[in-house]
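Okay, structure first, notes after.
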Amino acid sequence: MLIQLAKIFKKSDFSHCQKLIVAASGGGDSLALLFLLKDYFKILLSPPEIIVVTVDHQLREESACEAQKVAEICRAYQIKHVIMRWEGTKPKTDISQKARVARYDLLFQEAEKQGATLIMTGHTLNDQVETYYMRCQRVLKDKAVSQQGGRGDEVFALRSEGGSFVSVEQGDEAAGARCGVEVVGVLREGERGDYNNTWEEMDVISPLKDTNVLKDNGELIERGLSCIAREALLRRKVRLIRPLLGIKRDTLRAYLRLRGIAWIDDPTNDDLHFERVRVRRSIHFKNFSEVAQKVNEAALKRRQYAQMIADLILALDVVVEYGRCFIERPAPFLCRHPGFPFVVGLFAVLMGGSSYLLAFQKLSALNQKLCFHSLEKKRFTLAGSLIEYSQKGIAFWREARNIQEAIILPGQTLLWDGRYQITNHERDALKVRAADLVHLKQFFRYGKYCSNTHIIKEGEVIRDMVDFEAMVDRKRPHFPSLQSLPLVLGAKGIDIPELSHLFCRHKVTVQRILAPFNWLSLREDAALINVVEPFFNIT
């Protein structure tokens, strides 16, 4: 057994990093990561501080004891250790996925608290191969639904653990994603209503042989098969790296045995109620290197596709301001570009606040719907957006329904309508809702905008004004899109932050977020995100 540290870790992994979080459950994978890191840090002049975080999901009676065992190991090696607990009522469905989201949220919270800029997890080549098989199964399911004339899944996701154009989890980390379709095996229910130990293997797809999996939707399917990303960005702030994706689980356990380190076996890893366990039981790991190569090829194609979409967006005339996005009528060759439906779907999702990008079926229908030869404006709704198109181009804004009112407590940060992250720095609670015509018309009636967030109270202007004609077309305001902007109400008055951000002195921070990429954004999608993000900056 030989593990080459230089092939696992890169010096760039730790650039500008003074503290890092190692997620350790006590299992063989995460403990191997911890001690491999310690070995690697011996060659660094100024290695970052390691902080081990164990997340106790409180789903099993043994979990608290297991967390304490990790604490004992860390104490023996003088490593800082923190236990984070998943509190509250636990879900009854999609437990694995929801626990995973909670785990990453807790890791992020502790990283913020400790000032750590990097989180590392112990995902292995086994996890990568299992994920690849699971996604191939979902591709086939989606393909079968399409051939039967069904709608298939409504959405695909680019995000994350938190995208592809097929029925797969969002990127490699989708918050709220479904647990998947159980197509690799059947659990027989016993007479007493419990599951017996019978495991019937079905004809399991071989992703190394069934080339149809990769052909039907071309590069769109390849995006989903890039599987678990080595590097991502959690909440657009903290780097997430999985350095062990090229190493087999057995190799890591052999390493721990040589070092005399015992690990904990999680009984849920043998529970056939979970899709991943069923996949693990029904596939043969004889072709690890071939699957790894296919995953790497898919990741490369995903990066290339993201760059192609980024280049296309830069070639278009796109303006996003005050709740409205407008793409000027593109040249015919740009309309025929294979990525153009994706761009339209992307801006529809971003303006509508959806967490998921559109399914392949939805995208393929967009080109047939959009006609730039019509003299009259035509409209349709998609992904929470209202889309209006004509000879001039395409306009998008948030559909005027299901926009909820919310309360933001002092010091609280709220994600409002999937579009705005609002932090209340006031001492009192604030209310946020969609802007209404009454207050919008007051601003336009005066022809000015105010220097402070709390300047209109009971119809009276009580502060100095600042001309804002350059900001908004006062003669022809587009009220439908302006009514999708957040309006903040407090004891002192009201504000529409996206209009007043240059002049207000209030204690509210408002950030426009890109929902599909906000929780977890993959390095493979960086080119796309870097081009789109500036359109939505509130400056």
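Note: Cβ is positioned from N, Cα and C throughout, glycine not excepted.
Sequence annotations record features per position, and here TrEMBL assigns ATP binding site to Ser25, Gly26, Gly27, Gly28, Asp29, Ser30. The domain 'tRNA(Ile)-lysidine/2-thiocytidine synthase N-terminal' annotation in TrEMBL covers 19-139, 223-281. Under the heading transmembrane segment, TrEMBL lists 339-359.
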- prompt: For the domain 'tRNA(Ile)-lysidine/2-thiocytidine synthase N-terminal' (19-139), DSSP counts of helix, strand and coil?
  reply: 63 helix, 22 strand, 36 coil
- request: Within the same chain, and leaving aside Ser25, Gly26, Gly27, Gly28, Asp29, Ser30, name every residue whose CB is within 8 angstroms of the centroid of the CB atoms belonging to the recorded ATP site, in sequence order.
  value: Ala24, Leu31, Ala32, Gly122, Trp263, Ile264, Asp266
- request: Specify the count of other C-beta atoms within 10 Å of the C-beta of Ser30 (ATP binding site).
  value: 23
Field: Across the domain 'tRNA(Ile)-lysidine/2-thiocytidine synthase N-terminal' (223-281), average pLDDT on the 0 to 100 scale
entry: 84
Query: On a count of neighbouring CB atoms within 10 A, which of the binding-site residues Gly27, Gly28 is highest?
result: Gly28
Task: Tell me the Cβ contacts of Gly26 (ATP binding site) under 8 Å, same chain only and six or more apart in sequence, or just say none.
output: Thr54, Glu66, Ala67, Lys69, Val70, Ile73, Trp263, Ile264
Query: If you count Cβ atoms within 10 Å of the Cβ of Asp29 (ATP binding site), leaving out that atom itself, what do you get?
result: 22
Task: Report the same-chain neighbours of Ser25 (ATP binding site): residues 6+ apart in sequence with Cβ closer than 8 Å to its Cβ, ordered by sequence.
output: Thr54, Val55, Glu66, Val70, Ile264, Asp266
